[in-house]
Amino acid sequence: MRASDDDDDEFLPENPREKANCFSAVTFWYTLGIFYKGSRRELDESDLTKPLDEHKSQVLGDKLAKIWTKEHSSALKNDRDPSMAKVILKAFHKDILKFGVILMIVELGVRPGFPMYFNRVFYYFSAIPQSPVQKEEAYFFASGIMVCSLIVVMTVHPYMMAALHIGMKVRIACCSLIYRKALRIKLSALGGGTVGNAVNLMSNDVNRFDIAPMFVHYLWIAPVQAILCVVFLYLKVGYAAVIGIATMLVFLPIQVILGSRMSVLRRKAAVRTDERVRQMNEIVQAMQVIKMYAWENAFTQLIYQLRKKEMDILLRTSYIKGIIMSFIMFTARTCVFLTILAILMSGLDMTTENVYLAVSYYQILRETMTVYFPQGIGMVAEAFVSISRIQQFMLTEEAIVGDPTPLDPNLKFRLRILLGFEKPNQPLKSNETAIIKIVHGMAIYEDSICLEDINLEVQPGTIRQNILFGREFEIKRYREVVRVCALRARVNLARAVYKKGDIYLLDDPLSAVDINVGAQLFDNCIKEYLKDKVVILVTHQLQYLKKADQIVLLKDGLIKGKGTYNQLVKGASSFAHLLEEQQTPTEDESEDELERVIRVVSIGSAAFNSMIDIEGLKRKPDPGMYAEMRTSGTIDLKNYKEYFRAGANCCGVFVMVGFFILAQVFASLSDWFVSTWVNLEEHWKNFGTAASLGVYDKLTRKNCVTIFAIFISCTMIVAISRSLYFFTLCMRSSVRLHDRMFKSIICTSMQFFNTNTSGRILNRFSKDMGAVDELLPYAFIDTVQFMLNLLGAIILVSLLEVRLLIPTAIMLVLFYFLRLIYLKTSRNVKRLEGITRSPVFAHLNASLQGLPTIRSNGAEQTLVKEFDKLQDTHSSSWFMFLATHRAFGYWLDLICTFFIGVVTFSFILIGIDSDGSNVGLAITQCIGLSGLIQWGMRQSAELENQMTSVERVLEFARLEPETNLESVGIVGRTGAGKSSLISALFRLANFKGQILIDNLDISVIGIHDVRRKISIIPQEPVIFSGTLRYNLDPFNEHDDETIYDTLVDVEVKTALTYGRECLTHIMLEGGKNISVGERQMVCLVRAILRNNRILIMDEATANIDTVTDKFIQGIVRKKFAHCTVLTIAHRLHTIMDSDKVLVMDAGRALEFDHPHLLLQNKNSIFYDMVQHTGLGMSETLTRIAQESYAARQKSSNSL
């Protein structure tokens, strides 16, 4: 639930694109306001705008949900699997086709005409004594080059923006659909990898849709463009053109094979990432128990192993990407080399016009065939993998309860009569909770049945939002509900009571609260406030049963008795004896006690009301208290240093730099040598000698072929080696950064987990690590390749004509200042995007954990709207990022276009005395830079943007670590500080003073050493998804025989029934397929296996029935007879035979002695607590304490 009001978006400004005219949209003029603000200050959430109507999450989610429902129904009728690809295409095919036509006109109509204009300009500078092209014609053809360039720039960038916008809408729609499906998933299906799968789908898989639409059309445009280039080039150089283009086409099947292989690996990697994220989710949820058991190192090794398996696949994927990216270095140059050989072998002249016409066409094809086409193959292949994974998720079995309308908006949902229920995978035992859920699932009327469950999750947000759960705020009703529910004890109860219903199903709301609060809940809420309603109460607090109208007794899932209190007492049932023991106070006593409790609670409520949002007008939470970490300014160079030092030492980094430089040197030498070779050939043909060229005259044609072949071969070998080495280093960095981050969070204090949502933490381990794994290396290699390519081109051009350094310098200065302005804004926007993304994952994770809450309250639509609002907030920042990103590329390309014009006109205007081959080299280098510069500059900015993910990872990798860190019953009212005492013992929280164990201060002992020596049976049992054996001994510290014998000793039913096979029984995450009592038995066996001398029972039996409670207490007395046992309890009978009782209040120890001695003082707090259990129970408790004291005295005397 969001901490802000639902109507916050109404105060956001309009998106500047909303009212932008055609000129502003094409030139990205509407982004100037964003750049202005971004260059002057840090951007924050207040700078976000309303989402455009076309990318609102609710609109897109409803659209895709309707189409999916139709496709699913059609598939069922035709006995086939529904196709998610069909659904997406049906929703967005018109936009995709429309912009594909625009790209086709540019790539097939405008670009192939470029080389024709170049060719005529080359003719002007031909070595032929009388050039066939006059100066006026040269101006015309140079102008043609400028006009074509402008058309391409002003068309391609708006196309790319539109394509990215389509991808954004596909992602938004899919995320909304995934969330809606998550609300419908059957609870039993949440085991295995479903939770991790859902998080990974939304954090990584859907990101493939953002970029895929931009490249998808190149899959068919690139081959057609290649055919056109063959035709045009054939008209000039004959079959030599076929040889060159055929060489380029040879690389196509290689790219296709590599792309298909990459999609296979991507699918495998996604599965392993799912498993890692799922395990991370379990660890974050169970962090307190992990710390108490000192399992940090063991779970660290588990995550390291999962990460290693994931990276084994990602490394192979990176190698394939590296090889594909290397093609751009040598593909076009190899084609030029083979074309020259074909020209010479066919007897044609090797002239500037012929060679550089071929070079011009190959440069066009280099961009489309070696950049966009392989990108298209890879992106589309990965997109289809993501689509198939989403499709698989959408086919997950659905629950038969809950509101189906989010996934089927056309459905008119009013009344649901259900004929079945979700059947547990294990025997029910008594399992009153299961009966409650069955009743709730048999017939659910809209807003007529209210469910309160002991296990329901509190959603992120204010307490008021958790109680309202999307319903209208009625201040009078709200205050009354807060009062009668003693809100400190039961937020879930308040949520159920606030909902206006006819039937209330209350699943043990009286457990885990002290007797006074329990009495208030029963009398004020259940008996008084809900007196006109049907209330079905599951409880183990038998003292309240005398006031019940009807009592139902359950055993092994069957009804063993039914009737009034008196009827059951008189009956022969074995439960009658238990009921007789629970004598409640008389009516007068109850009334006096009630008045006292109300008075106490009323006094405390004033302080509590200052902490919660009663009217929406009082104190709000400090926004900085739980704000996500955020840095500002430029990316610190230390982050780059840490990134690469994580992958290699200084020598390794120098080797990497050497590979990059060497690859560019060989590539530039190849370009330079083409010009020299052409110059030699022209001089040999026109003048019979090349003496004027100096030392080059000594070269023969065979020498030239050999030299060029050597340069091309070296370029190919070094480029591929460079990519493989670089990606190896990057993957190593990624592994180590992940491991450092995980080690950091698992070793930090619980304060970190109390102030950071699980979604925020998972965001770093999914989205941010995904960027570090896959996006960052790609941006980095592109940036470095561009920088070196730019440097090589500048050196070559300046060697031909020094005066060209002037426009080059002007261009670079403009680029530099534009980049500065862009980076200030883009860094802010990217950080803002990361922060607005975290609540989306937090909302998803909280919803998956709280599905029973959501369904029981019919809150699916409310939660979907909330999710859509969070997505809209993220979409606002993402659209801002896209718009500024494309605007930067557009303006860079405009500068490049004018730079090409300046260089071309300079040769004509100034009348530079230069050979045609040199002019061809200069112009083709500039043309090559035109697309390369804007791409490289944007990638350099993208590199900094992706480095924010490294920055965010390192933030969590630098967390402050935790400081290196007889039988006693502990009682007190709710909030007395009993659990805080346990936190102090386990050093989960900072404290002042000393804690001594055997006269040894635990603060001077290693923190894990302390925790390993203390066993705990917690109030909320933690169960991991996996086998029973894995849950008892996650890290194989005990053999099967020991574990099985322990299970038999404590009479675990599955062990007695199935023998050793019970160890392989599967348990779902959170133990959803076993009862609460069975979960607690797992924790008991864990404690026995640890064999420590100190045991803590933190209200361990509060949520289980009396019989199981007595059984566990008996096992504890037997197995831990020689141990110090600290028992926190609300049920006083569990600690009445303790050696000592510690009574606490407000964090202070008020009384400490044997329970029998404390009861001798009728003014003691402990005596008062015993008396409030009821007449019969107080007598029983007093007798137990007396017998225990007598036995202890007898034992002492015998010694």
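Glycine residues also receive a Cβ, built from the backbone N, Cα and C atoms like all the rest.
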Inset, instruction - May I ask you to indicate which of 364-385, 474-495 is given in TrEMBL as transmembrane segment? - result: 364-385
Inset, instruction - Take the transmembrane segment (646-667) and find every residue of the same chain, 6 or more past its ends, with a Cβ under 8 Å from one of its Cβ atoms. - result: 329-330, 333, 711, 714-715, 718-719, 721-722, 725-726, 729-733, 736-737, 740, 784-785, 788-789, 791-792
Inset, instruction - Please check if the transmembrane segment (215-235) comes into contact with the transmembrane segment (319-344), where contact means 3 or more CB pairs closer than 8 Å and the residues in each pair are separated by 6 or more positions. - result: no
Legend entry - Contact call for the transmembrane segment (364-385) and the transmembrane segment (96-118): at least 3 Cβ pairs under 8 Å, seq gap 6+: yes
Legend entry - Beyond the flanks of the transmembrane segment (138-161) by 6 or more, those residues with Cβ under 8 Å of it: 25-28, 99, 102-103, 105-106, 110-111, 113-114, 117-118, 120-121, 124, 214, 882-883, 886, 889-890, 893-894, 896-897, 900-901, 904-905, 908, 930
Legend entry - Top Cβ-contact partner of the transmembrane segment (707-731) among 96-118, 319-344, 775-798, 804-822, 890-912 (pairs under 8 Å): 319-344
Inset, instruction - Mind checking which residues of the chain, 6+ beyond the ends of the transmembrane segment (319-344), have their Cβ under 8 Å from one of its Cβ atoms? - result: 237, 239-241, 243-245, 247-248, 251, 255, 258-259, 261-262, 265, 350, 354-355, 358-359, 362-363, 365-366, 369-371, 374, 378, 663, 667, 670-671, 674, 677, 701, 705, 708-709, 712, 715-716, 719-720, 722-724, 726-727, 778, 781-782, 785
Inset, instruction - State the residues, same chain only, that lie 6 or more residues beyond the ends of the transmembrane segment (804-822) and have a CB under 8 A from a CB inside it; answer 'none' if no residue qualifies. - result: 35, 38-39, 794, 797-798, 884, 888, 891-892, 895-896, 899, 902-903, 906, 922, 933, 937, 940-941
Inset, instruction - State the non-local partners of the transmembrane segment (890-912) in its own chain: residues 6+ outside its ends, Cβ under 8 Å from one of its Cβ atoms. - result: 27-28, 121, 124-125, 135, 138-139, 142, 145-146, 149-150, 153, 157, 797, 801, 803-804, 807-808, 811, 814-815, 818, 919, 922-923, 926-927, 929-931, 933-934, 937-938
Inset, instruction - Across the whole of the domain 'ABC transporter' (365-581), what does the mean pLDDT come to? Round it, please. - result: 70
